[in-house]
Amino acid sequence: MSGNPEWGEVEDGETPVYHERQRLELCAIHALNNVLQEKHFSQEAADDICKRLAPDSRWNPHRSVLGTGNYDVNVIMTALQSLDFATVWWDKRRSVEQLALCNIHGFIVNIPSRVSFGLLSLPFRRRHWIAVRKINGLYYNLDSKLKAPAVIGEDRDVRHYLQELISQGLCEVLLVVQKDVEASGTWLSLE
């Protein structure tokens, strides 16, 4: 698999769906670029963020010691802040019906993922970052391990999708919002 983007099929006049595929352990970078719908961050940019987050650290706690990626949530949050976005941890005790989807740019979700080498699947799981975003009126699963973006559907479908992920446990949901939306709390519907 390569880190090069693939463009999903679209109808005439619609925006193409940007989708980076998995390379090394760079799922955080792919999730960022996929939720932004453009290649904005690279491994070098993420490594620079890591150095700023832990400038005096011999082994940087925000990435893999092997230099292959595996970036933590602090890198994602800092990257988005550099573009005037904010992240909001979703409180899984709340109903997803309370999400004000019209004020949410997208989602970055941390899920367990099987580890495999070719056809060999190992008996343990690692953490994996995926992006979910509304494009052309439909939500897409922009998981970099997928061959192509997967349509989730409309508002009710993305709520169901997120609830399914949450109910399986071991999942964290980050809302990607504009800074003013985060400050005003309008990512949450009070109805």
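Every residue gets a Cβ built from N, Cα and C, even glycine.
Straight from TrEMBL, the features:
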type	residues	note
DOMAIN	14-191	domain 'Josephin'
ACT_SITE	C27	active site
ACT_SITE	H128	active site
ACT_SITE	D143	active site
Item to check | For C27 (active site), the number of other Cβ atoms found within 10 Å of its own Cβ | outcome: 28
Checklist outcome for this item: Rounding to whole Å, the Cα atoms of H128 (active site) and C27 (active site) are apart by 6
Checklist entry - How many other Cβ atoms sit within 10 Å of the Cβ of H128 (active site)? => result 22
Checklist entry - For D143 (active site) and C27 (active site), what Cα-Cα distance in Å is obtained after rounding to a whole number? => result 8
